[in-house]
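According to TrEMBL, the features are:
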BINDING   GLY88, LYS89, GLY90, GLY91, VAL92, GLY93, LYS94, SER95  ATP binding site
Amino acid sequence: MTDPAPDIARLTATAAEASAGRTSGLRLLDDTGLLAVVLDVTGLATDERQPLEDRVRAALLNEAGVREVRVAMTAEKKTLTIIAVGSGKGGVGKSTLAANLAVALRRLGVRVGLVDADIHGPSLPRLMDSEDAKPASRGSKLVPVDNAYGVPMLSTGQIAAPGQAIAWRGPMAGRALEQLIDASWGAVDTLVVDLPPGTGDVQLTMIQKHKPAGAVIVSTPQDLALMDAARAVSLFEQVEVPIIGLVENMAGYVCPHCGGVSDPFGSGGAETAAKEMGLDFLGRVPLAMGIRLASDGGVPPAAGTDPQGEPFHAIAARVAAWLEARKGR
Ligand SMILES: Nc1ncnc2c1ncn2[C@@H]1O[C@H](COP(=O)(O)OP(=O)(O)OP(=O)(O)O)[C@@H](O)[C@H]1O
């Protein structure tokens, strides 16, 4: 008895499963069971490609009527979409926002990675609970460190000797950031980059060189902080980086005892400032003890189901909508 004719729909499903969705073409080349498969290996490192090919070939050879499998691979040159998170001054919660934005975007299905370019105080390893992790290298590229939140990350803190980073000047900081961005990011297509606070030479070099697709500016509600935030906005505008919007952090203190809300730094200032500058307002994150404790403990509130994560999810949804709209442009 001869083998039944191969069932193309079934072979396509088998290839899709074995390649985790990376099959971009499949056809029979003749009637003796010679099959050609095209795999999209965009973002995969060289040493990940052979195992993929082997898996797909083995799965297909297991199917009825398949005698030989020829595998071709294609890869797009990938450009990463960079979202810069900036602030006019330090201590306003920029890193907290960057970490939670990345975690919340991941939960929305965005293939996101996180870069800590805050050379003055790289705090993301702590926030993402990967303080002791050192990135490996693959060829000449760094391999981002994984964490429990599904957001691969690289930090200046991981590549600099203690105390070294703070002395970096603009061009050196730009080169350090290049190493982090031009890393082996695998399936990641969007990077959230936590910039150093402020609007000086270092920030300017970084954004000129790496041209983010858009920027999120974080501010607290006081007038002084908002004046600094306006400076950050104009820094991005100067180099024609679109502002995705403004976030107001530490607005409204939620008392952990009585649940009452007070406004030690005022409230609503960033929303008004955004309106005045013609920018979108992305949301307000309250000043809450729980946010600080969770963050310092390496558990971004956006990773859990506590109400504390909600403001970050709402902000991430607006950023994801902005990213989607940008694709259509
Ligand atoms: N909404 C919030 N409620 C309570 N604590 C917060 C909130 N946002 C940030 N914090 C805390 O404030 C401190 C500073 O936050 P963070 O490190 O994110 O600021 P930053 O703007 O990145 O600072 P810098 O860039 O100067 O290092 C941290 O201890 C953080 O846990």
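Note: Cβ is positioned from N, Cα and C throughout, glycine not excepted.
Caution: TrEMBL annotation is automatic and unverified by curators.
Shown on the structure are the features that TrEMBL records.
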residue: GLY88; record: ATP binding site; CB count, 10 Å: 24
residue: LYS89; record: ATP binding site; CB count, 10 Å: 18
residue: GLY90; record: ATP binding site; CB count, 10 Å: 14
residue: GLY91; record: ATP binding site; CB count, 10 Å: 12
residue: VAL92; record: ATP binding site; CB count, 10 Å: 25
residue: GLY93; record: ATP binding site; CB count, 10 Å: 21
residue: LYS94; record: ATP binding site; CB count, 10 Å: 27
residue: SER95; record: ATP binding site; CB count, 10 Å: 27
Check your understanding: Relative to the mean position of the Cβ atoms of GLY88, LYS89, GLY90, GLY91, VAL92, GLY93, LYS94, SER95, the recorded ATP site, which additional same-chain residues have Cβ within 8 Å?
Key -> SER87, PRO197, VAL218, THR220
